[in-house]
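**Q** Please find one structure pasted underneath; my questions will follow.
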Ligand SMILES: NC(=O)c1ccc[n+]([C@@H]2O[C@H](COP(=O)([O-])OP(=O)(O)OC[C@H]3O[C@@H](n4cnc5c(N)ncnc54)[C@H](O)[C@@H]3O)[C@@H](O)[C@H]2O)c1
Ligand SMILES: O=P(O)(O)OC[C@H](O)CO
């Protein structure tokens, strides 16, 4: 995909509606037009990061469209209108200006129709429906996609990663971007790193790196889509385990043990599902670093802690609604999806942490089972009759 994005020689954005005398979005030399599909907590921060860069990079149109799943706020206003009037997502990222070149649109077909760079960032459970709505609605040629979504679906054949779903349904190449990225911290420009996973085309990966990267958000690319995406997906299950440990006041050593066992199961699961997954990916931001930050400060951890403090008597759904106010957990559904894959293959005993987290989430085991059942992860996993060490 040429030409590659270059750093703009244009001056910085200079006013509310114009840059160098041009209206926003009228950067006539630009090759790339970006739409962000999603406008939750991370979706809004992603739009902010991208919008700051499209103003600086000649190859991109200034304007960034952001599809909003429309909702009515308690005062009767539509969220989209408020975002466009105040330049702020008052529900999912209050107090942060997104950039005046971010334009919210509740009509998904309209939001994507001119874009050739699509950024997907919604809770994973909505993506099947979103892909259906997008079929036949995107440009026919030259479209690239990236998924920031941490989650997967389960089909009869096994796990279907969200990037594959996007590729299959929309006929586009899809990279991924994952990492130790608690959105509220990046929103206030605290230093973080992220990993882009790409399949074949390094040039495309580099365009994504330029679109997202800033001095406070350092992005690097690795050729391992499934490894990067499974890291981002599976760490949410580990975070549920870490939250249970916090809710039971078991301390730092126990939490570190859960993180270690969890990382090992992440690696084993990923390599069993996709033998091409690289060991080195687990040392990128998407791997170990995301396990650490999610287990220390993420939403999955927080809701799971509350679940354990309530002795498992209040459901995750109820606690999610109360504590997250519309934001969504991914760990509970991912634990169920992982369990489906494991039980289909008879592998539950090989993944005691993943299995136990799911059983606790659905009330089959008490929160305390997190340490009683997770401790003996086997060193050897049977792969099609031969033993491999992970
Ligand atoms: N928030 C973070 O810190 C963070 C960081 C990195 C990655 N992620 C990942 O990014 C993805 C999106 O997370 P987020 O934080 O932007 O979302 P979020 O948790 O804030 O979820 C709320 C979003 O879901 C939308 N929504 C609700 N019902 C919907 C429906 N029926 N159809 C479509 N959309 C609907 C809401 O409008 C809102 O935009 C997730 O996979 C998450 O794991 C999140
Ligand atoms: O808040 P969580 O648990 O959804 O995690 C957020 C990010 O994925 C951390 O990288």
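The backbone N, Cα and C atoms fix where each Cβ goes, glycine too.
Keep in mind that TrEMBL annotations are predicted by a computer and have not been checked by a curator.
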**Q** Can you pick which of 139, 150, 155 TrEMBL lists for the same substrate site as 299, 300?
**A** 150
**Q** Mind checking which of 42, 126 has the fewest other CB atoms within 10 A of its CB? They're the binding-site residues.
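**A** Per-residue Cβ counts within 10 Å for the binding-site residues 42, 126 bottom out at 126.
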**Q** So which other residues, same chain and not among 150, 299, 300, have a Cβ within 8 Å of the centroid of the Cβ atoms at the substrate site?
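**A** Residues close to the substrate site, other than 150, 299, 300: 236, 239, 294, 298, 301, 329, 330, 331.
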**Q** With DSSP helix as H/G/I and strand as E/B, how many residues of the domain 'Glycerol-3-phosphate dehydrogenase NAD-dependent C-terminal' (224-371) fall in helix, strand and coil?
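**A** Breakdown, helix to coil: 114 helix, 0 strand, 34 coil.
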**Q** Hey, what's the Cβ neighbour count for residue 40 (NAD(+) binding site) at 10 Å?
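**A** The Cβ of residue 40 (NAD(+) binding site) has 22 Cβ neighbours within 10 Å.
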**Q** List every residue in the same chain as residue 300 (substrate binding site), at least 6 positions away in sequence, whose Cβ is under 8 Å from its Cβ.
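**A** Sequence-distant Cβ neighbours: 236, 239, 240, 243, 294, 329, 330, 331, 332.
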